[in-house]
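Copied over from Swiss-Prot:
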- 168-308: domain 'Peptidase S30' (DOMAIN)
- 221: active site, for P1 proteinase activity (ACT_SITE)
- 230: active site, for P1 proteinase activity (ACT_SITE)
- 262: active site, for P1 proteinase activity (ACT_SITE)
- 361-364: motif 'Involved in interaction with stylet and aphid transmission' (MOTIF)
- 643-765: domain 'Peptidase C6' (DOMAIN)
- 651: active site, for helper component proteinase activity (ACT_SITE)
- 724: active site, for helper component proteinase activity (ACT_SITE)
């Protein structure tokens, strides 16, 4: 580019060269051409228009349905009657409507409308403001004469009686009723009685014999009475034709008549009548010299007659079966099959009969009278002597299923108090004393002297006297004021306890290992329900952390993998210590001012705490023994090479498993069933040591041999107020205190109310966590009907958790969960159904009040009623104990608040209740919002499905985009993938 200098400034000159334009044309490819893409706004408008059309159609259908519903006269009448009908209870604690007539319902509806109109008129000022002149009706004080009547206010005139005109019956023949009765009897087989002269009765029924329907008389020889003429023809001939009128005879020969045919009636249509009697009727009695005998004729020599009543065996079986079928057991849990022969059944029936009612002949009246005239003591001696005389037979009978219980019942009921000398000594020491305590001792001694013969009233009186003595003794106990910790020493025994069950050679195999026998087979009830299998191939890491309600503990199960390097092996012997607590008052237990050493923590010689050490794990063992070296017992060999660990909250099952070692083999089934069906449902997860000790005491009552059973080592965590029952997987966490109790008998001392100890309230876990789980399950299920039905069927007491908040009660009432609970439980358990009815009534009262504190006051007032009903309900559901504790808290809080108010103080927890209610409302609102959004999503899905069904399809790219948006929306709101049931990660929107 050229420049021009003007002075000192350089100015550029533009280029004057002009370039020529090119005439070449560039070709345009198909890819570069524009495409026609449908507008997204048009698609959305189409969807919106189709959605509006469908909504309009739906609203129009609802309007037509409502019009048809309102125009249906029958339905409106029923609704009107049900609206004004009152609710009344039935005899079976149910509820029903006491329906009014249509006129009564209309009258009530008119009265309500009239009252409402009057109120509206009054509020709108539609009334006349004027004065009314009149005379007041006052009684005159002046006495004047007058007539006095004797009619009271209850007098009513006697109504005139209307004479009823009875319709004249149609003229029928005199035998009409007789024929109708006999016709019914021939069809149903009912018994008919004819009363003849002098009060004599003749019984007739129709039976099927020899392929025919024949009349049958009840003859005296069938009841054991033998007379010359069993039926008098002169007194029965009048109704014999009518009896035969409804019989259906067939060709029956004389040879066909046999035992069981006594009393059969034949007329002249049968050859039996024409060939064997001169009378027009023949009633079978038997045979004499091969010829049939007529019961209507007189027979001189009755000894020659072979009577054709049923044989004695059939008669006996008929009576036995009749009573046997009337007295079946009340429990039916299977379908009966024929597993034994009739001979074996007869032996069993005879053995039971002769054990309770020993006679030489059941048909002998003197044998029965002999037992009848015996006194109770003589009868017991008679049974004992009879049992002693037939000892060998009893040894054989005991092999029959259930006969040993019969023998035990007899031995128990006939046992006598063998320690009469001791009872007489008590009488000698207490006689001539009239003080209350001596009289109570005398009443108790009288009941003990009688033994099994004591009556229920005497036992009740003795129990009351023993309770009174116990209360008196407790009130007079004194405690020492000496400083316990200065002198407290509780050294661990250096010697191991001796367990006779582990020393008996009969219970050990050739290797010296304990043989479980039947105990091992029945122990499956523990392992199947409360233990989980440890699979080594999946690793042990998920079992290392053992959580409890207030903390956690590490198991040494990981040390089952042994390193071959010495240095690493030595590192596996080092534990992880918790904060070591010194000996405090929470470590000791006292009763009557004295230490109860088995219920205290172990100390060294100088009084310092003995801390737990690392416990190495083992495979498939039960580890017992708290003093000395532990004892390792192989687990029952039911499933080879399987390892089990107790589920969280059920580690106390190791105590019951250790007790099973000492249980007799024939009682192992009863022991394991009682633990599974009675003990564990009441204890639940993480029970207190007080409850565990009480459960152990209940088991020792039925199985006394378990009192000296050795316990697994129990570690005490004072920081978390928890006790850990150590199993074969040991403990990597160290530094806990150690409980000294070594046997079940020592552990039972925790169950005493007199024991002063903090440790008996420690958890073997915690109730608060269980309660929070129940509340969360209830809140998340209110708007999910399927989950709520599962809760109502399996664990109905969770609904009592709704008492923590009036809002939860109101939402459950609106969702009609209480009505559903009544429907499910009214036929199963009335007590549970009654809980739902009271919850519904309480919610109606709570909803009528808007003040939170007054609503909570209503709930507290109803808690005692809930508690009384809950006592009668089944205790199997897991939430029973949690619900009971919640009601107990309300009852105790109400009592304490009432006492504070009486003393002039005020409850300061008002703001706490309001904050707690707000938190629950947030949870409920979140659930409601989620449900509403789900409804909208499903609604849009339905619209899209309708569009695709009717042919309005979209291109693939648009469909994929909609599916992707819908999936993201579900993930961020529901945290759940709509395609698969697997949980998705929570979605977070990207920042814009």
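Cβ atoms here come from the backbone N, Cα and C positions, even for glycine.
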Under DSSP, is residue 221 (active site, for P1 proteinase activity) part of a helix or a strand, or is it coil?
helix
Counting Cβ neighbours within 10 Å across all chains shown, tell me which of the active-site residues 221, 724 comes out on top.
724
For the domain 'Peptidase C6' (643-765), provide the mean pLDDT of the predicted model.
86
Same-chain residue ranges lying at least 6 outside the motif 'Involved in interaction with stylet and aphid transmission' (361-364) that approach it to Cβ under 8 Å:
353
How many neighbouring Cβ atoms, not counting its own, are there within 10 Å of the Cβ of residue 230 (active site, for P1 proteinase activity)?
26
The domain 'Peptidase S30' (168-308) - residue tally per DSSP class, helix then strand then coil:
42 helix, 36 strand, 63 coil
Where does residue 651 (active site, for helper component proteinase activity) sit in DSSP terms: helix, strand, or coil?
coil
What same-chain residues, at least 6 away in sequence, bring their CB to under 8 Å of the CB of residue 262 (active site, for P1 proteinase activity)?
219, 221, 222, 284, 285, 286, 295, 307, 308, 309, 310
Please report how many Å separate the Cα atom of residue 724 (active site, for helper component proteinase activity) from that of residue 651 (active site, for helper component proteinase activity), as a whole number.
8
May I ask for the distance between residue 651 (active site, for helper component proteinase activity) and residue 230 (active site, for P1 proteinase activity), taken between their Cα atoms and rounded to an integer number of Å?
80
